[in-house]
Structure formats: structure tokens, C-alpha cells
Amino acid sequence: MLALSWQTDKFLTVGYYGSSGLAAIFPIIASYIFKLFIDNTIANLGIKPSVPLILVAILAARYVSSWIWDVVSWVFKETYFDYLVRYKLQNKFNNLFCDKISHLDIQHLENSETQDLINKAKDTMTWRPPDFLRAFSYLFTNLVALISSFLLLGQYNWYLPFIILLFGLPRLYLRAKMGSIQWSVWGSSTPESRKMWYLQSLLTQKNAIIESKIFQSTDSLIRKSIDIQTDLYEKNKKPVQSFIKVGSIPQFFEMFVVFGFALARLPLVLNGQMSIGDFSFFIDMLDRVLNSVAGTVGNLGWMYENNLYVNH
């Protein structure tokens, strides 16, 4: 997929993933600048009646870095490159699809399995592959954030980032065990959902409605449709309820880890061995490592789901 994106438009591909990486760096820069601001503010307490120029410069730099982060992340990555890459790829896939199908031999076109594959590809080719690349862009952002915050956190104690990663593993286990949740029972490709779509067509298309009235089967079709919907709802409700574990258990343990490490550092702040700015930056790096792990795990699941279609 990345190779195809590269062949389609090199500039947009580099811009898309380059802005993804930069979007992960600028929050760390903003945090570090804020650390400098805190330390310099405390250093100048009660010393000068006017605001020192260095504090004004640091405070301005902090907001400038935040502005650059928004521009890179939302204006370029999420809007400009994301939309243009998708437009280009949708055109590319459509051209490849039409070229491939139009050159098939007649015996393949008459094959029911081939027709089934063609219909599946036609339904989702315009959004599944671009979604895979979008998921990869989020994964890339989280990986850059994870690596950079991992290295910065290691300056306080080399083993700290490894411990944080260890406590992030439950997310990966639960994500792999629970799988993903269907955003709609109508959007899944199970036999039951296909029956539901078929029954909907029988109840909404002109000729089918006329026939059902003639054979007096309308009420029966409606009941069957409702029964299938109820069954699909109950089946999909169970993984949604189980997914509560994914959304609550890991955060519970991670909260105590961050709290414990922060609490252990407080004596260093109180006796002057660690500045308040450093302490603020330390806590931010703890959070960033954990959030990057969580984001990476979520993106891997999203990529895997889309990759099943792409490989097929």
C-alpha cells in the first residue's frame, strides 16, 4: 500500500507521513519550553519589578510551538495531505479496478466466485485501502511520539520507560483478545447482515412490494427483518460490554504507575534536587509514553482490520 501511494504521488506521500512525524514532536517541544518558562519564572521571583525579556520570549515560543503543532497536525496532515492522498488513491484504485475487470476473460466473468469478489471489491475499494494508509499515519505519529518521549524519559532513569512499556502491555493483550467492535450491525459482512439488507430491499423496492402484497407476505418479511436485527443487536452487544475492560482496566493500572513515579520524585523537588519545570516535564513524558502506547495498540488493530481486506 505504501509503495502504491509512493507511485501515485511521491510529494503527497512524503508530506503526509512527514507531517505525521512532526505532529508527534511539537507537543514535546511545547512541553519543554513550558518547563523552561516555569524554571525561569521561579528564578526571577522577587528579583525584578518588570517582566524579564527572557520570560516573554520563552512564553511566546511556547505558544508559537503550539500554533505550529496545530498547523502541521490539523491543517497539513489531517486536511491537506489526508484529503489529497485519499482523492489520488481513490482515482488510482478505480483505474486499476476498471483496467483489471475489463481485461478479464469471459469464462472468469461468468464464474460466480469471481463475480462475488468483484462485488466485494466494488463496495469497499474506495475507502478500505485509504483507511489503511490513514491508520498507518496515526501509527507513525504514535511511534515517533513513543520513541522520542521514551528517550527523553530515559534521562531521568534508564529503566523508567521500560517499566512504563511493561504496564502498557495489557492493552495489547486485551486488544488482541477482544478484537474490534463493528460500528454498525448494518455495516458488517456476516450472513445475517446480508439477509437484513436483502429483506430491506424486498420491503422498499417497487416490484418486490407489489409481489409481497400479492402473496400477502409483507408482515412476515417485516417480522423476519426485526428478528434478524434483534439477533444482531444481541450478538454485537456482548463484545461492546466486554470492551469496557479494554477502556478501563489498563488505564486503572497506568494511573497508579504514573502517580507512583510522580510521588517518588516529589522529595527531589522539595529538597531542590529537581526543579519544578523538570518535574512538570517528567510527568508529561510519563503521560506521553503511556498515551503513545495506547494509540499504537489502537492503530495496530485498525490497520489489521483494513489489512485483511487489502491482502484479500
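Every residue number used here counts from 1 along the chain in the order it is shown.
Just so you know, glycine gets a Cβ as well, placed from its N, Cα and C.
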Listed range which TrEMBL flags as transmembrane segment, given the options 12-34, 242-264: 12-34
Positions whose Cβ lies under 8 angstroms from the transmembrane segment (132-152), at least six residues beyond its ends: 1-2, 5, 16-17, 20-21, 23-25, 27-28, 77, 82, 85-86, 89, 161, 165, 285, 288-289, 291-293, 295-296, 299-300, 302-303, 306-307, 310
Tertiary contacts of the transmembrane segment (12-34) (same chain, 6+ residues out, Cβ under 8 Å): 2, 5-6, 58, 61-62, 65-66, 68-69, 72-73, 76-77, 80-82, 84-85, 88, 133, 137-138, 140-145, 148-149, 152, 277, 280-281, 284-285, 288, 292
Sequence-remote partners of the transmembrane segment (54-76) [C-beta within less than 8 Å, at least six residues beyond its ends]: 15, 19, 22-23, 26-27, 29-30, 33-34, 36-37, 40-41, 44
